[in-house]
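K.L.:
Dropping the structure in here first, questions after.
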Amino acid sequence: MSQNFGKISQVIGAVIDVEFEPGKLPPIYQALRVTNPAIDDQEFNLVLEVAQHLGENAVRTIAMDSTDGLVRGQQVKDMGKQISVPVGKKTLGRILNVIGEPVDEMGPIGNEKEYGIHREAPAFVNQSTKVEAFTTGIKVVDLLAPYARGGKIGLFGGAGVGKTVLIMELINNIAKQHGGFSVFAGVGERTREGNDLWMEMKESGVLDKAALVYGQMNEPPGARARVALSALSIAEYFRDEEGQDVLLFVDNIFRFTQAGSEVSALLGRIPSAVGYQPTLATEMGELQERITSTNKGSITSVQAIYVPADDLTDPAPATAFAHLDATTVLSRQIAELGIYPAVDPLDSTSRILDPQVIGDEHYAIARQVQYVLQKYKDLQDIIAILGMDELSEEDKLVVARARKIQKFLSQPFHVAEAFTGSPGKYVELKDTIKGFSEIIAGKHDDLPEQAFYMVGTIEEAIEKAQKLAV
(Lines of atoms letter the chains of each structure in order from A; the text may use other names.)
(Lines give C-alpha, C1' and ligand atoms only; values in the text may rest on other atoms or scores of the structure.)
Protein backbone atom coordinates (compact mmCIF):
# COMPACT_ATOMS: atom_id res chain seq x y z
CA MET A 1 0.00 0.00 0.00
CA SER A 2 1.44 3.37 -1.02
CA GLN A 3 1.97 6.05 1.59
CA ASN A 4 -0.79 8.60 2.00
CA PHE A 5 0.30 12.22 2.44
CA GLY A 6 -1.64 15.39 3.22
CA LYS A 7 -0.73 18.97 4.05
CA ILE A 8 -1.40 21.34 6.94
CA SER A 9 -4.11 23.90 6.15
CA GLN A 10 -4.52 25.54 9.56
CA VAL A 11 -2.86 25.58 13.00
CA ILE A 12 -5.01 26.58 16.00
CA GLY A 13 -3.01 25.94 19.17
CA ALA A 14 -3.03 22.20 19.85
CA VAL A 15 -5.47 21.57 16.99
CA ILE A 16 -4.24 21.15 13.39
CA ASP A 17 -6.33 20.92 10.21
CA VAL A 18 -4.91 18.71 7.44
CA GLU A 19 -6.09 18.41 3.81
CA PHE A 20 -5.87 15.13 1.88
CA GLU A 21 -6.54 14.10 -1.71
CA PRO A 22 -10.16 13.11 -2.44
CA GLY A 23 -10.96 9.57 -1.28
CA LYS A 24 -7.87 9.33 0.92
CA LEU A 25 -9.19 10.67 4.22
CA PRO A 26 -7.78 8.84 7.26
CA PRO A 27 -10.47 7.53 9.66
CA ILE A 28 -11.18 8.98 13.12
CA TYR A 29 -8.44 8.11 15.71
CA GLN A 30 -5.87 7.41 12.97
CA ALA A 31 -2.34 8.63 13.75
CA LEU A 32 -0.61 11.09 11.42
CA ARG A 33 2.96 12.39 11.65
CA VAL A 34 4.50 15.73 10.75
CA THR A 35 8.00 17.19 11.14
CA ASN A 36 8.28 19.87 13.83
CA PRO A 37 11.81 21.36 13.92
CA ALA A 38 11.03 23.04 17.27
CA ILE A 39 10.93 19.63 19.05
CA ASP A 40 14.13 17.99 17.73
CA ASP A 41 15.98 17.20 14.48
CA GLN A 42 14.09 13.97 13.75
CA GLU A 43 11.82 13.70 10.71
CA PHE A 44 8.07 13.19 11.31
CA ASN A 45 8.56 13.61 15.07
CA LEU A 46 5.12 15.02 15.97
CA VAL A 47 2.12 12.69 16.22
CA LEU A 48 -1.39 13.97 15.43
CA GLU A 49 -4.63 12.09 16.06
CA VAL A 50 -7.64 12.53 13.76
CA ALA A 51 -10.59 13.88 15.76
CA GLN A 52 -13.07 15.17 13.16
CA HIS A 53 -13.85 15.09 9.45
CA LEU A 54 -14.60 18.63 8.33
CA GLY A 55 -15.72 18.03 4.76
CA GLU A 56 -13.79 19.44 1.76
CA ASN A 57 -11.31 16.53 2.17
CA ALA A 58 -10.02 18.00 5.44
CA VAL A 59 -9.58 16.45 8.88
CA ARG A 60 -9.14 18.18 12.24
CA THR A 61 -6.48 16.60 14.44
CA ILE A 62 -5.17 16.90 18.00
CA ALA A 63 -1.40 17.20 18.48
CA MET A 64 0.39 15.01 21.05
CA ASP A 65 3.29 17.45 21.47
CA SER A 66 4.15 21.11 20.90
CA THR A 67 2.85 22.69 17.68
CA ASP A 68 5.22 25.69 17.86
CA GLY A 69 7.19 25.80 14.64
CA LEU A 70 4.57 24.23 12.33
CA VAL A 71 3.60 26.11 9.16
CA ARG A 72 0.78 25.82 6.65
CA GLY A 73 1.49 23.67 3.64
CA GLN A 74 3.78 21.28 5.53
CA GLN A 75 3.66 17.62 4.52
CA VAL A 76 1.78 15.23 6.84
CA LYS A 77 2.20 11.45 6.68
CA ASP A 78 -0.71 9.07 7.37
CA MET A 79 0.58 6.24 9.59
CA GLY A 80 -2.23 3.88 8.56
CA LYS A 81 -3.06 2.90 12.18
CA GLN A 82 -4.03 4.52 15.47
CA ILE A 83 -1.54 5.58 18.14
CA SER A 84 0.01 2.35 19.47
CA VAL A 85 2.06 1.72 22.59
CA PRO A 86 4.52 -1.07 23.42
CA VAL A 87 3.08 -3.78 25.69
CA GLY A 88 4.51 -6.73 27.59
CA LYS A 89 7.09 -7.31 30.32
CA LYS A 90 9.68 -5.12 28.59
CA THR A 91 7.64 -2.06 29.66
CA LEU A 92 8.19 -2.85 33.37
CA GLY A 93 10.60 -0.50 35.12
CA ARG A 94 10.37 1.99 32.25
CA ILE A 95 8.81 5.44 31.78
CA LEU A 96 6.90 5.99 28.54
CA ASN A 97 5.12 9.00 27.10
CA VAL A 98 1.67 9.10 25.51
CA ILE A 99 2.87 7.68 22.17
CA GLY A 100 4.83 4.87 23.84
CA GLU A 101 8.32 6.33 23.46
CA PRO A 102 10.69 5.82 26.42
CA VAL A 103 11.57 9.07 28.21
CA ASP A 104 13.92 7.61 30.85
CA GLU A 105 17.05 7.68 28.61
CA MET A 106 17.50 3.92 28.99
CA GLY A 107 17.34 2.99 25.32
CA PRO A 108 14.53 1.45 23.23
CA ILE A 109 11.91 -0.80 24.85
CA GLY A 110 12.58 -3.80 22.60
CA ASN A 111 8.99 -5.03 22.78
CA GLU A 112 7.47 -7.68 20.52
CA LYS A 113 3.88 -6.40 20.55
CA GLU A 114 1.98 -3.12 20.41
CA TYR A 115 -1.61 -2.28 21.31
CA GLY A 116 -3.67 0.63 19.96
CA ILE A 117 -4.75 3.07 22.67
CA HIS A 118 -8.43 3.06 21.65
CA ARG A 119 -9.87 -0.38 22.33
CA GLU A 120 -13.33 -1.80 22.90
CA ALA A 121 -14.42 -2.55 26.46
CA PRO A 122 -14.63 -6.33 27.09
CA ALA A 123 -17.87 -7.90 25.81
CA PHE A 124 -20.53 -8.85 28.38
CA VAL A 125 -19.89 -12.52 27.76
CA ASN A 126 -16.20 -12.16 28.75
CA GLN A 127 -16.78 -10.12 31.90
CA SER A 128 -16.49 -11.76 35.28
CA THR A 129 -19.58 -11.42 37.46
CA LYS A 130 -17.91 -12.69 40.62
CA VAL A 131 -17.70 -10.00 43.30
CA GLU A 132 -14.79 -10.56 45.64
CA ALA A 133 -12.62 -8.46 47.91
CA PHE A 134 -9.07 -7.67 46.91
CA THR A 135 -6.76 -7.87 49.94
CA THR A 136 -4.24 -5.04 50.14
CA GLY A 137 -2.58 -5.91 53.46
CA ILE A 138 -3.42 -2.41 54.75
CA LYS A 139 -5.62 -2.81 57.84
CA VAL A 140 -7.81 0.29 57.57
CA VAL A 141 -8.58 -0.38 53.89
CA ASP A 142 -9.24 -4.12 54.19
CA LEU A 143 -11.46 -3.73 57.26
CA LEU A 144 -13.54 -0.60 56.60
CA ALA A 145 -13.50 0.18 52.87
CA PRO A 146 -12.37 -3.01 51.09
CA TYR A 147 -11.43 -2.87 47.41
CA ALA A 148 -13.28 -5.06 44.92
CA ARG A 149 -11.21 -7.18 42.53
CA GLY A 150 -11.55 -5.42 39.18
CA GLY A 151 -13.15 -2.42 40.90
CA LYS A 152 -12.48 1.28 40.73
CA ILE A 153 -11.35 3.16 43.79
CA GLY A 154 -11.30 6.93 44.21
CA LEU A 155 -8.44 8.29 46.32
CA PHE A 156 -9.24 11.70 47.76
CA GLY A 157 -6.78 13.84 49.64
CA GLY A 158 -5.10 17.21 49.69
CA ALA A 159 -1.41 17.90 49.29
CA GLY A 160 0.97 16.16 51.66
CA VAL A 161 -1.39 13.70 53.36
CA GLY A 162 0.23 10.61 51.87
CA LYS A 163 -1.48 9.77 48.54
CA THR A 164 1.81 8.87 46.86
CA VAL A 165 3.09 6.76 49.77
CA LEU A 166 -0.22 4.85 49.87
CA ILE A 167 -0.01 4.27 46.10
CA MET A 168 3.58 3.00 46.42
CA GLU A 169 2.67 0.66 49.29
CA LEU A 170 -0.16 -0.78 47.18
CA ILE A 171 2.27 -1.31 44.27
CA ASN A 172 4.70 -2.99 46.70
CA ASN A 173 2.07 -5.27 48.28
CA ILE A 174 0.52 -6.33 44.98
CA ALA A 175 3.99 -7.18 43.64
CA LYS A 176 5.14 -9.13 46.70
CA GLN A 177 1.93 -10.84 47.81
CA HIS A 178 0.06 -11.36 44.54
CA GLY A 179 3.06 -11.42 42.18
CA GLY A 180 1.13 -8.91 40.09
CA PHE A 181 2.16 -5.94 37.99
CA SER A 182 1.14 -2.32 38.27
CA VAL A 183 0.77 0.42 35.70
CA PHE A 184 1.00 4.05 36.77
CA ALA A 185 -0.50 6.82 34.64
CA GLY A 186 0.68 10.31 35.56
CA VAL A 187 -1.98 12.51 33.96
CA GLY A 188 -1.28 16.23 34.18
CA GLU A 189 1.09 15.57 37.08
CA ARG A 190 3.85 17.85 38.31
CA THR A 191 7.07 16.70 36.62
CA ARG A 192 8.88 16.91 39.97
CA GLU A 193 6.35 14.53 41.57
CA GLY A 194 6.68 12.12 38.66
CA ASN A 195 10.45 12.16 39.07
CA ASP A 196 10.16 11.72 42.86
CA LEU A 197 7.86 8.73 42.40
CA TRP A 198 10.32 7.10 40.01
CA MET A 199 13.25 7.69 42.39
CA GLU A 200 11.31 6.43 45.43
CA MET A 201 10.10 3.34 43.56
CA LYS A 202 13.68 2.64 42.53
CA GLU A 203 14.89 2.95 46.14
CA SER A 204 12.09 0.82 47.58
CA GLY A 205 12.65 -1.92 44.98
CA VAL A 206 9.20 -1.96 43.35
CA LEU A 207 10.16 -0.29 40.06
CA ASP A 208 10.72 -3.57 38.18
CA LYS A 209 7.09 -4.56 38.87
CA ALA A 210 5.56 -1.40 37.42
CA ALA A 211 5.29 0.43 34.11
CA LEU A 212 5.00 4.22 34.25
CA VAL A 213 3.30 6.34 31.61
CA TYR A 214 3.58 10.10 32.01
CA GLY A 215 1.88 13.07 30.39
CA GLN A 216 2.80 15.97 32.63
CA MET A 217 1.33 19.39 33.29
CA ASN A 218 3.63 21.03 30.74
CA GLU A 219 2.44 18.73 27.93
CA PRO A 220 -0.17 19.93 25.43
CA PRO A 221 -3.78 18.93 26.21
CA GLY A 222 -3.73 16.22 23.51
CA ALA A 223 -1.11 14.24 25.42
CA ARG A 224 -2.86 14.71 28.78
CA ALA A 225 -6.20 13.61 27.33
CA ARG A 226 -4.72 10.39 25.90
CA VAL A 227 -2.04 9.28 28.37
CA ALA A 228 -4.56 7.45 30.60
CA LEU A 229 -5.65 5.42 27.54
CA SER A 230 -2.02 4.54 26.73
CA ALA A 231 -1.48 3.24 30.28
CA LEU A 232 -4.77 1.33 30.15
CA SER A 233 -3.69 -0.51 26.98
CA ILE A 234 -0.49 -1.67 28.74
CA ALA A 235 -2.60 -2.89 31.69
CA GLU A 236 -5.07 -4.65 29.34
CA TYR A 237 -2.23 -6.68 27.82
CA PHE A 238 -1.19 -8.00 31.25
CA ARG A 239 -4.82 -8.85 32.01
CA ASP A 240 -5.81 -10.44 28.70
CA GLU A 241 -2.60 -12.10 27.49
CA GLU A 242 -0.90 -12.96 30.79
CA GLY A 243 -3.99 -13.55 32.97
CA GLN A 244 -2.73 -11.13 35.61
CA ASP A 245 -4.51 -9.18 38.33
CA VAL A 246 -3.19 -5.74 37.45
CA LEU A 247 -3.28 -2.54 39.49
CA LEU A 248 -3.77 0.62 37.45
CA PHE A 249 -3.06 3.95 39.15
CA VAL A 250 -4.31 7.15 37.59
CA ASP A 251 -3.06 10.37 39.13
CA ASN A 252 -5.04 12.53 38.50
CA ILE A 253 -8.31 11.58 36.79
CA PHE A 254 -9.53 15.20 37.00
CA ARG A 255 -6.69 16.27 34.67
CA PHE A 256 -7.96 13.82 32.06
CA THR A 257 -11.28 15.69 32.03
CA GLN A 258 -9.53 19.06 32.17
CA ALA A 259 -7.42 18.24 29.10
CA GLY A 260 -10.55 17.07 27.26
CA SER A 261 -12.25 20.38 27.98
CA GLU A 262 -9.24 22.36 26.68
CA VAL A 263 -9.28 20.46 23.39
CA SER A 264 -13.07 20.44 23.07
CA ALA A 265 -13.46 24.19 22.54
CA LEU A 266 -10.64 24.22 19.95
CA LEU A 267 -12.46 21.44 18.10
CA GLY A 268 -15.47 23.76 17.84
CA ARG A 269 -17.79 21.94 20.24
CA ILE A 270 -20.22 24.07 22.22
CA PRO A 271 -19.28 23.87 25.91
CA SER A 272 -21.77 22.50 28.45
CA ALA A 273 -22.08 23.16 32.22
CA VAL A 274 -19.18 25.06 33.83
CA GLY A 275 -17.39 25.17 30.47
CA TYR A 276 -16.74 21.42 30.32
CA GLN A 277 -16.92 19.46 27.08
CA PRO A 278 -20.38 18.21 26.04
CA THR A 279 -18.85 14.73 25.64
CA LEU A 280 -17.67 14.58 29.29
CA ALA A 281 -19.72 11.53 30.34
CA THR A 282 -18.92 9.66 27.10
CA GLU A 283 -15.15 10.18 27.40
CA MET A 284 -15.16 9.14 31.05
CA GLY A 285 -17.31 6.09 30.22
CA GLU A 286 -14.99 4.97 27.40
CA LEU A 287 -12.05 5.02 29.81
CA GLN A 288 -13.78 3.54 32.87
CA GLU A 289 -15.65 0.73 31.07
CA ARG A 290 -12.33 -0.78 29.95
CA ILE A 291 -11.26 -1.11 33.60
CA THR A 292 -12.93 -4.35 34.66
CA SER A 293 -12.53 -8.05 35.51
CA THR A 294 -12.74 -10.60 32.72
CA ASN A 295 -12.65 -14.38 32.90
CA LYS A 296 -8.88 -14.14 32.22
CA GLY A 297 -7.75 -11.58 34.81
CA SER A 298 -8.61 -8.21 36.27
CA ILE A 299 -7.65 -4.55 36.30
CA THR A 300 -8.26 -2.90 39.66
CA SER A 301 -7.80 0.83 39.45
CA VAL A 302 -6.96 3.41 42.08
CA GLN A 303 -7.67 6.91 40.84
CA ALA A 304 -6.58 10.04 42.65
CA ILE A 305 -9.34 12.61 42.26
CA TYR A 306 -8.77 16.34 42.60
CA VAL A 307 -11.94 18.16 43.61
CA PRO A 308 -11.90 21.72 42.23
CA ALA A 309 -12.63 24.27 44.99
CA ASP A 310 -13.75 21.32 47.20
CA ASP A 311 -17.03 21.28 45.27
CA LEU A 312 -18.14 17.66 44.95
CA THR A 313 -20.99 18.68 42.63
CA ASP A 314 -18.58 20.00 39.98
CA PRO A 315 -19.29 18.03 36.76
CA ALA A 316 -15.75 16.54 36.59
CA PRO A 317 -15.62 14.77 39.98
CA ALA A 318 -19.38 14.09 39.87
CA THR A 319 -18.95 12.17 36.59
CA ALA A 320 -16.07 10.15 38.06
CA PHE A 321 -18.12 9.26 41.19
CA ALA A 322 -20.70 7.44 39.10
CA HIS A 323 -18.07 4.81 38.20
CA LEU A 324 -16.46 4.22 41.61
CA ASP A 325 -16.89 1.09 43.75
CA ALA A 326 -15.01 2.42 46.77
CA THR A 327 -13.58 5.67 48.08
CA THR A 328 -10.49 6.06 50.25
CA VAL A 329 -10.50 9.51 51.85
CA LEU A 330 -7.22 10.77 53.31
CA SER A 331 -7.69 13.29 56.10
CA ARG A 332 -5.35 16.05 57.21
CA GLN A 333 -6.74 15.88 60.78
CA ILE A 334 -5.69 12.22 61.02
CA ALA A 335 -2.27 12.93 59.50
CA GLU A 336 -1.78 15.66 62.14
CA LEU A 337 -2.28 13.03 64.86
CA GLY A 338 0.67 11.15 63.35
CA ILE A 339 -1.56 8.28 62.23
CA TYR A 340 -0.46 6.92 58.86
CA PRO A 341 -1.95 5.84 56.51
CA ALA A 342 -4.14 8.89 57.20
CA VAL A 343 -7.31 7.18 55.90
CA ASP A 344 -10.53 8.58 57.37
CA PRO A 345 -12.34 5.49 58.74
CA LEU A 346 -15.74 7.22 58.82
CA ASP A 347 -15.58 9.02 55.47
CA SER A 348 -14.21 6.17 53.33
CA THR A 349 -16.83 3.93 51.73
CA SER A 350 -17.04 0.69 49.79
CA ARG A 351 -19.80 -0.94 47.79
CA ILE A 352 -18.66 -4.39 48.90
CA LEU A 353 -18.86 -3.68 52.65
CA ASP A 354 -21.76 -6.10 52.61
CA PRO A 355 -22.19 -9.36 54.57
CA GLN A 356 -23.00 -11.25 51.34
CA VAL A 357 -19.57 -10.39 49.91
CA ILE A 358 -17.21 -10.17 52.89
CA GLY A 359 -19.06 -12.43 55.36
CA ASP A 360 -21.02 -11.71 58.54
CA GLU A 361 -18.08 -11.61 60.95
CA HIS A 362 -16.05 -9.07 58.95
CA TYR A 363 -19.15 -6.91 58.37
CA ALA A 364 -20.14 -6.93 62.05
CA ILE A 365 -16.64 -5.99 63.26
CA ALA A 366 -16.33 -3.20 60.65
CA ARG A 367 -19.66 -1.70 61.70
CA GLN A 368 -18.77 -1.94 65.41
CA VAL A 369 -15.44 -0.20 64.78
CA GLN A 370 -17.24 2.59 62.92
CA TYR A 371 -19.83 2.87 65.71
CA VAL A 372 -17.17 3.23 68.42
CA LEU A 373 -15.21 5.81 66.37
CA GLN A 374 -18.38 7.80 65.62
CA LYS A 375 -19.35 7.78 69.32
CA TYR A 376 -15.87 9.07 70.19
CA LYS A 377 -16.23 11.82 67.58
CA ASP A 378 -19.58 12.85 69.10
CA LEU A 379 -18.05 12.97 72.60
CA GLN A 380 -15.07 15.09 71.56
CA ASP A 381 -16.90 18.40 72.08
CA ILE A 382 -17.84 17.42 75.64
CA ILE A 383 -14.25 16.31 76.35
CA ALA A 384 -12.87 19.59 74.96
CA ILE A 385 -15.17 21.71 77.16
CA LEU A 386 -15.57 19.67 80.36
CA GLY A 387 -12.71 17.16 80.27
CA MET A 388 -12.69 13.37 80.47
CA ASP A 389 -13.76 13.28 84.14
CA GLU A 390 -17.30 14.45 83.35
CA LEU A 391 -18.03 11.41 81.16
CA SER A 392 -19.99 8.40 82.40
CA GLU A 393 -18.04 5.17 83.02
CA GLU A 394 -19.54 3.67 79.87
CA ASP A 395 -18.46 6.65 77.76
CA LYS A 396 -14.97 6.58 79.27
CA LEU A 397 -14.66 2.97 78.13
CA VAL A 398 -15.86 3.89 74.61
CA VAL A 399 -13.27 6.69 74.42
CA ALA A 400 -10.45 4.42 75.64
CA ARG A 401 -11.32 1.73 73.09
CA ALA A 402 -11.80 4.27 70.29
CA ARG A 403 -8.35 5.72 70.92
CA LYS A 404 -6.86 2.22 70.79
CA ILE A 405 -8.73 1.48 67.55
CA GLN A 406 -7.55 4.79 66.08
CA LYS A 407 -3.93 3.94 66.93
CA PHE A 408 -4.34 0.34 65.72
CA LEU A 409 -5.55 1.61 62.32
CA SER A 410 -2.02 2.96 61.78
CA GLN A 411 0.55 0.66 60.26
CA PRO A 412 4.24 0.83 59.25
CA PHE A 413 4.72 0.72 55.46
CA HIS A 414 7.46 -1.13 53.60
CA VAL A 415 8.09 1.83 51.31
CA ALA A 416 8.49 4.21 54.27
CA GLU A 417 11.01 2.06 56.19
CA ALA A 418 13.79 4.52 55.39
CA PHE A 419 11.89 7.35 57.13
CA THR A 420 10.19 5.55 60.02
CA GLY A 421 12.96 3.13 60.93
CA SER A 422 10.38 0.39 61.60
CA PRO A 423 9.97 -2.58 59.24
CA GLY A 424 6.84 -2.54 57.06
CA LYS A 425 3.96 -4.90 57.80
CA TYR A 426 1.56 -6.73 55.49
CA VAL A 427 -1.42 -7.76 57.63
CA GLU A 428 -3.60 -10.69 56.56
CA LEU A 429 -7.35 -10.01 56.67
CA LYS A 430 -8.02 -12.69 59.32
CA ASP A 431 -5.43 -11.07 61.63
CA THR A 432 -6.99 -7.64 61.07
CA ILE A 433 -10.49 -8.91 61.97
CA LYS A 434 -9.16 -10.81 65.00
CA GLY A 435 -7.28 -7.76 66.30
CA PHE A 436 -10.20 -5.34 66.09
CA SER A 437 -12.73 -7.84 67.46
CA GLU A 438 -10.51 -8.34 70.54
CA ILE A 439 -10.19 -4.58 71.13
CA ILE A 440 -13.97 -4.12 70.84
CA ALA A 441 -14.64 -7.09 73.14
CA GLY A 442 -12.47 -5.38 75.77
CA LYS A 443 -9.77 -8.06 75.90
CA HIS A 444 -7.02 -5.43 75.82
CA ASP A 445 -8.53 -2.70 78.00
CA ASP A 446 -5.54 -3.07 80.34
CA LEU A 447 -2.91 -2.29 77.67
CA PRO A 448 -1.65 1.30 77.15
CA GLU A 449 -2.92 2.89 73.91
CA GLN A 450 0.67 3.62 72.78
CA ALA A 451 1.17 -0.15 72.38
CA PHE A 452 -1.30 -0.17 69.46
CA TYR A 453 0.50 2.55 67.49
CA MET A 454 2.39 1.54 64.32
CA VAL A 455 2.14 -2.23 64.72
CA GLY A 456 0.84 -4.95 62.40
CA THR A 457 -1.11 -7.63 64.28
CA ILE A 458 -2.63 -7.58 67.79
CA GLU A 459 0.13 -9.98 68.96
CA GLU A 460 2.69 -7.29 68.12
CA ALA A 461 0.68 -4.79 70.17
CA ILE A 462 0.74 -7.13 73.20
CA GLU A 463 4.49 -7.63 72.74
CA LYS A 464 5.02 -3.85 72.47
CA ALA A 465 2.98 -3.32 75.67
CA GLN A 466 5.27 -5.73 77.53
CA LYS A 467 8.33 -3.82 76.31
CA LEU A 468 6.76 -0.49 77.37
CA ALA A 469 6.04 -1.90 80.83
CA VAL A 470 9.70 -2.73 81.44
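Counting starts with 1 at the first residue shown.
Backbone N, Cα and C define each Cβ position, glycine as well.
Sharing the feature lines straight out of Swiss-Prot:
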BINDING   Gly157, Gly158, Ala159, Gly160, Val161, Gly162, Lys163, Thr164  ATP binding site
K.L.:
What are the non-local neighbours of Gly157 (ATP binding site), defined as same-chain residues 6+ apart in sequence with CB under 8 A from its CB?
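P.N.:
Sequence-distant Cβ neighbours: Lys163, Ala304, Val329, Leu330, Ser331, Ala342.
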K.L.:
Which has the fewest other Cβ atoms within 10 Å: Gly160, Gly162, the binding-site residues listed?
P.N.:
Gly160
K.L.:
Let me know the DSSP-derived helix, strand or coil state of Lys163 (ATP binding site), please.
P.N.:
helix
K.L.:
Give the sequence-ordered set of same-chain residues, not counting Gly157, Gly158, Ala159, Gly160, Val161, Gly162, Lys163, Thr164, with Cβ within 8 Å of the centre of the Cβ atoms defining the ATP site.
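P.N.:
Nearby residues not in the site list: Leu330, Ala335, Ala342.
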K.L.:
Which has the fewest other Cβ atoms within 10 Å: Ala159, Val161, Thr164, the binding-site residues listed?
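P.N.:
Taking Ala159, Val161, Thr164 as the binding-site residues, the minimal 10 Å Cβ count falls on Ala159.
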K.L.:
Rank the binding-site residues Gly158, Lys163 by how many other Cβ atoms lie within 10 Å of each Cβ and give me the one with the fewest.
P.N.:
Gly158
K.L.:
What does DSSP say about Gly157 (ATP binding site): helix, strand or coil?
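P.N.:
It is coil.
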